[in-house]
Amino acid sequence: MLIKSAPDILSSEITPESVYRNRRQFMADALKLGIATGGLAAMPGAALGASGDGLRARAPADMERSAPAAWWQDKFAGIDAAERGGNFWTDEDLTPYRDVVTYNNFYEFGTDKSDPYQNAQSFDVDPWSIEIAGEVDNPGTYDLEDFMKPHQLEERIYRLRCVERWSMVIPWIGFPLADLIKRVGPTSKAKYVAFETLLDPDQMPGQRGRFSVIEWPYREGLRMDEAMNPLSFLAVGLYGNYMPPQNGAPIRLVIPWKYGFKSIKSIVRIHFTETEPATSWNMLQPSEYGFYANVNPEVHHPRWRQDMETRLPRTLFSSGRMETQMFNGYADQVAHLYQGMDLARYY
Ligand SMILES: Nc1nc2c(c(=O)[nH]1)N[C@H]1C(S)=C(S)[C@@H](COP(=O)(O)O)O[C@H]1N2
Ligand SMILES: [Mo]
């Protein structure tokens, strides 16, 4: 297990998000002026300090540790740089990069918020393959490159609301889950999609503990219509760069209208089922964590009221406290999925 000292990014003045912001502004200006650019192509390099401004030396270790494979860089070169409005975008302040990558839940690497950052840096995700199984026309095991090949990457800015009452605003890179599902062709029997995280106690210290609360591997699932909703996203990066290990490298789910625990990290298996699949937190404590886990300010967790949240980071000047919105503010896009359902019962 690799133990790292406190992140030196905390003292950095040139943060990845300031580079990101400047770059976005540049992209916006370039688009207005009609200047052809390579999309966000140059951004990973810029974020890594390739411009020689000294940023590389100050960049967080997780962004420096390994250059992505060439095909991966090509993928990122194709990111759709168009400004997006509405559904897939929010104007709220982004959570600073350092908070996004140092304050995490990823129990495979420990239960403290700083554990994933501390313990996941040497997490080896190359090679990586994903199994597609169950009620599907094209089952099989795909290596990550083939898995991603047909998909155009795009950027989305989503709110992420944890059941523990903290929230963030994160710019993700990825592609719609619906596109993958259409490609693998579920049969008419497929009513749910289930996901599993890597099981690898050698790499994941949290899976070695005898007193671990979760029965590994971590599992999650969605009803098919939820999975097909345009908001459901498979993310392979954030802040314009590839996914840091502590955030679920190389590929994870992001379901912005549900509590964060539905957004399963480091996925190795996707299977299509006729019946509702077992999910990790629900297996652990069904009275606290339901299968649906929709963000709902009116339905409280036994230990956490859910009508308020803290938008991170807290600062000397702001408590970050704010009201939680129904479906985390995505009701227009998803409320119809739950028409007629008693959400206090199906929490
Ligand atoms: N495999 C796995 N996925 C996981 C978790 C986990 O412990 N293991 N934690 C979940 C929880 S509770 C939250 S809030 C989000 C946090 O994502 P982030 O660390 O990228 O903010 O990841 C979710 N996905
Ligand atoms: Mo969470």
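Quick reminder: no glycine exception, Cβ is built from N, Cα and C everywhere.
Here is what TrEMBL says about this protein:
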- Asn104, Tyr107, Glu108, Cys162, Thr197, Asn247, Arg252, Ser263, Ile264, Lys265: Mo-molybdopterin binding site (BINDING)
- 122-281: domain 'Oxidoreductase molybdopterin-binding' (DOMAIN)
Which number gives the other C-beta atoms within 10 angstroms of the C-beta of Thr197 (Mo-molybdopterin binding site), all protein chains shown included?
25
Please give the average pLDDT for the domain 'Oxidoreductase molybdopterin-binding' (122-281) in this predicted model.
96
Conformational class of Glu108 (Mo-molybdopterin binding site) under the three-state DSSP mapping:
helix
Other Cβ atoms within 10 Å is the metric here; tell me which of the binding-site residues Asn104, Glu108, Arg252, Ile264 scores highest.
Glu108
Can you check what DSSP calls Arg252 (Mo-molybdopterin binding site), collapsed to helix, strand or coil?
strand
